[in-house]
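Q: This structure is in structure tokens; I'll ask about it shortly.
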Amino acid sequence: MDFLVIDDERSIRDATCMLIDDEGHYAEPVVNSASALTRLKEEKYDAILLDLKLGAENGLDVLEILVKQYPQIPVVMFTAQGTVKTAVEAVRRGALDFLEKPFTREEFRAVLARLNRFRQMSQRIETLEKEVQEVRQQNGPEPRFDFETPAMKSVMDVLMRAAKAPAAILILGESGTGKSVVARAIHEQSHLHDKPFVTVSCPSLSKELLQSDLFGHVKGSFTGAVRDTWGKIKQAEGGTLFLDEIGELPLEIQPQLLRLLQEREYERVGETVTRKADVRVIAATNRDLKECVRNRTFREDLYFRLNVISVEMPPLRQRQDDLLRFAEYYTDHFAHQVGRKLRGISATARQRIMSYPWPGNLRELRNAIERAVILSSAEQLEATDLPSEVHDQVDSSPALLNTASNVTGNAVGSFSVQALAGMTLEQVEELQIRHTLEHAPSLAEAAQMLGIDQATLYRKRKKLGLNKD
Ligand SMILES: Nc1ncnc2c1ncn2[C@@H]1O[C@H](COP(=O)(O)OP(=O)(O)OP(=O)(O)O)[C@@H](O)[C@H]1O
């Protein structure tokens, strides 16, 4: 490891550098903060040893500058005997450890071991961050926010202005409209961009697990709680807590969330110690929260708390100005990913894309284009490369016709845009779900075809009284 030793006392400085050298590391001595900051600009160090009493300078002030400018470099403070209180203060202000002068080789080795662990952890985090970035790049195209649809432009305008304020933000909109994507964009545009962004998926867990996931728990608080754990609130400390599908939040947990938003306080499950939370909350849902309030499945006070700034993401069928641009963008992305040279989308395929209602919104469009790019063999994406529900809109299959008749109660001549135009959005969605469930071999595949997650399809299916095992 490479050390920067900051001490104005020559004897201590030299002795420390010799000790570091003896232990097989490299040390560079400097006498004050000015030369330390100059060296830090020129060289890369793994750790800093800093004297608390640095001549006329206060080591704690220097520590603050170092922690702010070089948060990735651990700092160990040299302290004189009997200044434990100050040493504790130094740790509170961001020092990794302290060494009481004069120190023995053993004491120094103990600090070295800690520094080594810190270094290994930092390297691991760096590797993981790179991996996450790679997975993201492999999984999907980078989000784009250059929308042309006026309604979407104004949504983004509100969100980007709100990003810089600490108030809670509520994002409404159908599944797949990009709520999670914009939640992350708000975080990245905000003053918290270098702090954590932590997602809690409200419907995916049981009430007990969700409570523990959010607030943490102490050992023995329920069967299986074998050790103390911190929840997502703690993980998100100083950053953004994104509550996805907030409309599914069990009623029992809602008062605790309200308290978190109002008082910034919470307790871990099985513990009475009240803890302070420093998080910015963004929540999203595809439910009609006002309706949930009316049905008494969502607390009104919580709704008002969350609804300080709220936006509604328009469904893709109302974003005609963006539809083709996104389709083209996805085509280029996936063609590049699979190493294909595609000359865009054919005129017929474009027409089909424009006239299809995309109930699964951007997620469905993205999946449809990814599939089409993989299947395509021509120079351009053709209508026949698109999923059947998209390219068969005019000459529909009998099964679909039957379903359409059932849904609307009328004999529909064909499943065309005209037929859809006579139906409500709810009916179109129901039609699409019924059709997909009829044809997909499993719920998982039906969800994938619809471009929604399984939990959403499960809920919708239940609401419609449909079954598929
Ligand atoms: N701005 C965007 N640019 C590119 N792709 C996007 C964008 N927004 C959404 N998508 C695509 O749509 C998919 C779904 O987006 P997202 O998960 O944010 O939707 P959602 O509204 O949160 O859905 P759900 O309610 O089901 O959780 C993303 O994985 C991405 O592929």
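A Cβ is built for glycine as well, from the same backbone N, Cα and C atoms used for every other residue.
Residues or ranges marked as domain 'Response regulatory' in TrEMBL: 2-116. Annotated 4-aspartylphosphate per TrEMBL: Asp51, in sequence order. Feature annotation from TrEMBL assigns domain 'Sigma-54 factor interaction' to 145-374.
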Q: The domain 'Sigma-54 factor interaction' (145-374): mean pLDDT?
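A: Mean pLDDT across the domain 'Sigma-54 factor interaction' (145-374) comes out at 92.
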Q: Within the domain 'Response regulatory' (2-116), how many residues are helix, strand or coil going by DSSP?
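A: Counting residues by DSSP class gives 55 helix, 28 strand, 32 coil.
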Q: Which chain-mates of Asp51 (4-aspartylphosphate) that are at least 6 residues away have a CB under 8 A from its CB, listed by sequence?
A: Ile6, Asp7, Asp8, Glu9, Ile12, Gly59, Met77, Phe78
